[in-house]
Each structure stands twice: as structure tokens, then as C-alpha cells.
Amino acid sequence: AEGVGTCRANRSVACRDRASGLSGYRVVFMLGQFLHGMGATPLYTLGVTYLDENVKSSYSPVYIAVFYTAAILGPAAGYLIGGALLNVYTEIGRRTELTTESPLWVGAWWVGFLGAGAAAFLTAIPILGYPRQLPGSQRYVVMRVSETHQSKDSSHKAASSPDFGKTIRDLPLSIWLLLKNPAFVLLCLAGATETTLVAGMSTFGPKFLESQFSLSASEAATLFGYLVVPAGGGGTFLGGFLVNKCRLRGAGVVKLCALCTLTSLLATFVFFVQCPNVPMVGVTADYNGRPLPEGRLELTAACNAPCACRPEHYSPVCGSNGLTYYSPCHAGCPGEAAPGADGRKVYRDCSCIPQNFSSGFGHATAGKCTSTCQRKSLLLVFVFVVIIFTFLSSIPALTATLRCVCDRQRSFALGIQWIVVRTLGGIPGPIAFGWVIDKACLLWQDQCGQQGSCFVYQNSAMSRYMLITGLVYKVLGFLFFTTACLLYKSPSESPDGLAASLPSQSSASDSPVDLRGSRSA
């Protein structure tokens, strides 16, 4: 309703039991995530293997890079489109007095699922028509096997049998062979550490930008999308291109992964830089603008004491004095809001906001005050560097995984790797980042005596915790890649010698036309 949160309207609040009606929605979200995982996982295991086994070994990283670049651009586009949809009220067509700056605002987050779901269904139809093997793919088998990690015994030769893996009885041996492969195990652990950072930053990266630069949720999501699109997509494609252009094989691919991880590790030190909090009266500053000790709240003052403001009504406003206030009520704004020149609500005659150059009271505008941080560009540039070098190592790491295992184990190896990466990285990543970021919270939402979400973060503490978390996982990733490079044992026979055993162009060609011609002959 109009006027909620002002000095006149903010008299009482009724606490109702809302949790009972949310359990059903939580189950629906969990089921949706479960189905999403079931549908997406085969693309990154069977799909990647299908690409790799149907193209020349040296071209495989480029094809896989294009595939993963599309997988990066999709979520990045989702951030951009989602940021725009967050500016549309969740009940499309319904008029509301809430603004996008209000913490009570809920955007049309569900629209993207409808469009993406329909597009995924239409894309699946032509995929069903692909054959099990593309014509001419058999000539690349020897080149793939030539890079398999060589163990001390000859047990890896058992997996080279054409009949290996066709029955469930081969499962224990297949798992044992992968566990005995140190390069594969270390690549899985390195992937888990990198995925932890990617999953954590994907979830809380917009929240970090929102707090550091005093942005709205939609503005932060859009800005994060602008970073991820060129950095994530470009880094992924560039990684595959470098493997192909430099003709990297075996240990050389893993060295590239270690170099990229080291570069992103050094760029992580940018989190030493942070933007100071925009002063919020009663939370980080008193009503005279002086800083408050951390953790000390003084929301009530003589200027708003008659208003009986309640902490449940959090709706930040920017005063004409450049300070952010907890709500119009806490700023002492008595009247209804009027639309301003930019469309945002403006509250007049606020008793807690002094008027400059004249007597009387100042005004407040809905939303937080804009940050004037001079380090914004520096922070964004180095965050871009961290993202691009993190994703630059993804395709080389995947290529190394496909090359260090036996030909008939590649699909199974990717499946095992995805289990490890998801279990140790994708699932705990957002949880770990959420726990770390919550340590920097200054002001928690009070939902009738129970702690809700965080309203205000301490920017310096958030940057410090992000730095520590990033360094820990980046150092672990660098150590895993370096150790994998040292322990990897390439075959004694050179690829050139093996290439001589391949069928000639006359008997095995990349062109289906040539194949049909050879059959007819």
C-alpha cells in the first residue's frame, strides 16, 4: 500500500506464520533442479566424448571449446536477460506501488525458464537424428590412444580390448584403472577446486558487485553478465584454440592449465582493493554522519522517535545529504511519496535529513545512494582477468582428461570426473561462499524475531574473505595441476610413428562422399 514505511504508516506489523506455506514450493524447486541435472549431465559426458571421437585429435579442443563457449554464453545471457526480467514485477500485468529498489520487490524470474525450456526441447529433436558414429571417425582412434598415461604395469592394456566395458563385470576393473591413474585423479581434484570458485562466484558474484558498488539486484546481475560473457566465453574458446594452435599434447596441455591457474591466482590479490560502504545512518554512521563501531546499531534517534519505526520495514532511501537511511520512517519522512524526475519515489520534509543552505528539512529518494568509489574500474578489470584465465584452463583440462585415459574409458572417465567435480566443487561451492560472505554481514533481516537474509555487508570484510577463499582454492588447483604434470607418463612411441599405421586418405576420409565412393567401388 502507498505510504508503507513512512513515519505516519509505520505503526505496527502483524507477524504471520509464512513458513508453513513455503515447504511445497521448496520441494518444487528441488525437483526442478534434480530434473535439470539429469538432462544436462549427458551433454557434458556423452556429448563431449561424441565430439572428441568423431574429429581429428588436434581439432578436438577447438570443437569442444565451441561447445563449452556456448555453455558459458548461455548462463551469461541468462544473467543479462534475467537482470532485465527482474525489472518486471513477478505478477505481470498487476499494478504495484513497489519499486525495483525495494527489498520487497520480486521480479519475473520465472519467465526465463519457460523460454529456455521451449528452446531446449526444440534443440533436442535434431540431436535425436545423429548416428552412433560419424563416417570416417575410426581413423582417429590410434591418435587418441597414443597419449594414454602409461602405468608401471600393463593393466591399462586390459581396457584396450574391444569387448571391455560392455558388461557390468568390467565396472570394478574400470574404476580401479582410473584410480591408479594419478594424472586423472589429480585432474579431477583440480577441476573440483576450480568448479568451487566458479559455482561460488556464479551465485554470489552479483551480490559482491551489488554491495561494493551500491547497486540494485538487477543492475548487479546485468553488470556481472557483461563480465562473464566476454571473459568466460572468450577464455573458454581461447583455451581450445591455444591447444590446437600450439599443438600441445599430454604434459604440455597440463602445463598450460597450471600457467593459467597461476595467472588467475596472482590476479586474485585484487580483492585487497575494496570500495568503502556508502554510509547508512544507524548502521555504519550515526545521525550526524559520524562512523559507528562495527556491529553497533543506532536506528532510533530524537528526530524519528515519535514515528515508532520498526526494523521489519527495511526500505532504504537516499537522503539529499548523501547518506542512506534504513527506511523513509527512519529518515523521519511523514508524508506520501511523489514520483521524481527519474521515476523514483521522492519523500519530502524528512525530519532526520538536514536541508543544505536553508532552514527546514531535506528530502529522500527511494533506493540506496550511489557509490562514488574511484577503484571500481580497477576492481572490474582484475575480476575480468580472474574469470578469463579461470575459464581459459577449462578446455585444456578437459582435453588432458580425455587423453590420459584409455579410449574405451573416456565416457566413463568423464562421468566419474563429473561426480567428483559436482560432489567436491559444484555442490559445496555456493554453500562455502555463502557461509564466508555471511561472515561480513552487518545487518540481518528480522522476520518476527527470526534471522532472515542479509541487508547490509561490510565491504572491507567481504573483500577480505573473498581473497582468502580465492587464494586457498587457487593454490590447491595450481598444486594439483603441477603434480599431475610431473606424474604424467606419456607413451614411448611418438604420435608420428603411430600416424603411419592409420588408414590412408583413400580408404578413410573426412568426407562422407568419399566413403560412399569407396563402398561403391
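Keep in mind that glycine also has a Cβ here, set from the backbone N, Cα and C atoms.
Long-range contacts of the transmembrane segment (27-51) within the same chain, counting only residues at least 6 positions beyond its ends with a Cβ under 8 Å from a Cβ of the stretch, are 60, 63-64, 67, 71, 120, 130, 398, 402, 410-411, 414-415, 418. Per TrEMBL, the feature transmembrane segment maps to 27-51 (among others).
Look at TrEMBL and you will find 63-89 (among others) tagged as transmembrane segment.
Annotation comment: TrEMBL describes 109-130 (among others) as transmembrane segment. Through the fold, the transmembrane segment (109-130) approaches residues 39, 50, 78, 81-82, 85-86, 88, 90, 92 of its own chain, all at least 6 residues removed from its boundaries and within a Cβ separation under 8 Å.
What TrEMBL records for 183-204 (among others) is transmembrane segment.
Here TrEMBL flags 224-244 (among others) as transmembrane segment.
Taken from TrEMBL, the feature domain 'Kazal-like' applies to 297-354. Mean pLDDT for the domain 'Kazal-like' (297-354) in this predicted model: 84.
If you look up TrEMBL, you'll see 378-400 (among others) marked as transmembrane segment.
The transmembrane segment annotation in TrEMBL covers 412-437 (among others). Taking Cβ pairs closer than 8 Å, the transmembrane segment (412-437) reaches residues 41, 44-45, 48-49, 165, 174-175, 178, 184, 187-189, 191-204, 207-208, 401-402, 405, 454, 457, 462, 465-466, 468-469 in its own chain, all 6 or more past its ends.
Residues of the same chain lying 6 or more positions beyond the ends of the transmembrane segment (465-488) and with a Cβ under 8 Å from any Cβ of it are 149, 182-183, 186-187, 189-190, 193-194, 196-197, 200, 208, 250-251, 254-255, 257-258, 261-262, 264-265, 268-269, 271-272, 386, 393, 397, 400, 404, 432-433, 436-437, 439-440. As annotated by TrEMBL, transmembrane segment applies to 465-488 (among others).
According to TrEMBL, the region 'Disordered' annotation covers 493-521.
According to TrEMBL, the compositional bias 'Low complexity' annotation covers 498-515.
Within the domain 'Kazal-like' (297-354), the DSSP-based counts of helix, strand and coil residues read 3 helix, 17 strand, 38 coil. Beyond its flanks by at least six residues, the transmembrane segment (378-400) meets 48, 60-61, 64-65, 68, 72, 183, 187, 190-191, 194, 197-198, 201, 212, 227-228, 230-236, 238-240, 242-243, 248, 250, 253-254, 256-257, 260-261, 263-264, 267-268, 270, 273-275, 470, 481, 484 of its own chain at Cβ-Cβ distances under 8 Å.
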